[in-house]
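If you check TrEMBL, you get these features:
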- 277-348: domain 'FYVE-type' (DOMAIN)
- 20-51: repeat 'WD' (REPEAT)
- 191-224: repeat 'WD' (REPEAT)
- 234-275: repeat 'WD' (REPEAT)
Amino acid sequence: MAAEIHSRPQSSRPVLLNKIEGHSDAVNAAVLIPKEDGVITVSEDRTIRVWLKRDSGQYWPSIYHTVSSPCSCMSYHHDSRRIFIGQDNGAIVEFLLSEDFNKMNHVKTYPAHQNRVSDMVFSLESEWVVSTGHDKSVSWMCTQSGSMLGRHYFDSWASCLQYPSLCVCERAGQVSVSIVMFIFIRITSWGKGHFLSVLSLWWDPVQRLLFSGASDHSVIMWDIGGRKGRTLLLQGHHERVQAVRYLQLTRQLVSCSADGGVTVWNMDTPREEAPQWLDSDSCQKCEQPFFWNVKQMWDSKTIGLRQHHCRKCGKAVCGKCSSKRTTYPVMGFEFQVRVCDTCYDTVKDEDRTALATFHEGKHNIAFMDMDPSRGLMVTCGSDRVIKVRHTISPITHWWSDRQSLIIGD
């Protein structure tokens with residue numbers, strides 16, 4: 001009998017430490033302050049707030065600063081206490097936080113874009129702030145001089161990026177990997193990947209892995225370091241994936257979706273690459289024509305069938321030859337998907353053993369930050385609520401006897 005895979009947690013209720021409220025509009029970013037009981041948030045209500053945990057155990061704002069335009073994104077560098085705020089008007093504002101996090105001073109304003117800033121990253125090594133915007137460009141500016149060093153335009157507006165080894169995602173869903181050297185930019189693209197907009201990226205510099213979450217409810221791991229074009233598809237969400245984070249120490253990937261789903265993927269196990277879907281004018285099992293194959297329909301005096309694809313072998317098949325559904329976690333399918341009857345017979349019960357755990361965030365998650373050293377996670381979204389969670393560790397899962405991360409609300 002096939003193992004039953006639940007798409008949501010059935011036990012082990014999550015641990016919610018604090019719920020922070022006070023913003024009057026959507027919170028677009030929330031960052032944990034390392035080594036401090038504090039959170040920095042930016043919102044559509046044009047405010048930048050630094051929340052510090054008081055003796056009462058609650059978070060209260062120690063800094064409340066209003067800017068001229070809604071805040072769309074944020075990049076915080078803790079060692080230098082520099083914070084960069086992207087705005088809806090295309091500008092990036094730099095502030096310097098005081099050591100006690102009770103004051104912030106304006107440093108520079110960068111005219112980075114002509115429209116909303118969608119994402120940005122500050123690099124202390126190069127003294128650059130790299131940003132993407134709705135004006136279909138990625139720009140890199142010098143934080144010492146405040147001048148523009150370079151700009152590159154895409155066919156559609158860019159939604160997110162990672163740097164160094166700058167990884168930029170266009171709104172259309174195409175993933176591009178860019179390497180910035182001085183004022184030059186090189187773009188390398190893949191023809192396979194997400195079929196809807198990419199919303200989040202995470203770059204692992206150790207293994208040189210790029211993780212992307214998209215509106216198609218999926219996560220893809222791009223093995224850039226392997227130089228073989230290998231990609232792993234992970235499907236474990238019911239809504240668009242808006243935040244991803246890879247934990248190098250435990251070899252786990254954490255992804256969050258708009259419906260509040262939090263999925264923890266075990267990446268420390270052999271996985272198979274999902275096959276590319278094959279094209280055919282007739283079923284590759286029974287050879288019956290598909291509905292657009294007019295010639296074969298006329299010759300055989302039959303009505304054309306609808307085309308489907310087996311997720312395990314990639315063959316084009318009809319509904320009769322792919323009547324079965326199964327999970328296949330080793331290929332990233334944690335929910336039941338269509339497979340042809342032949343492949344269904346090859347899937348054993350142990351092949352259906354889940355390689356991910358599912359948890360409820362209980363609010364819209366548009367942004368997520370983690371501090372693995374302290375076992376903390378913060379999420380925020382359009383419901384104007386910031387939630388600080390504690391990850392339960394150490395705990396032993398059935399797949400490993402090592403310390404693992406369990407997240408919930």
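Placement of Cβ uses the backbone N, Cα and C atoms for every residue, glycine included.
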Using a Cβ cut-off of under 8 Å, list the residues of the same chain at least 6 residues beyond the repeat 'WD' (20-51) that approach it.
59-74, 76, 78, 83, 85, 88, 95, 97, 101, 104, 366-367, 369-371, 376, 378-388
Summary of DSSP states over the repeat 'WD' (234-275), given as helix, strand and coil counts
0 helix, 21 strand, 21 coil
To what whole number does the mean pLDDT across the repeat 'WD' (234-275) round?
92
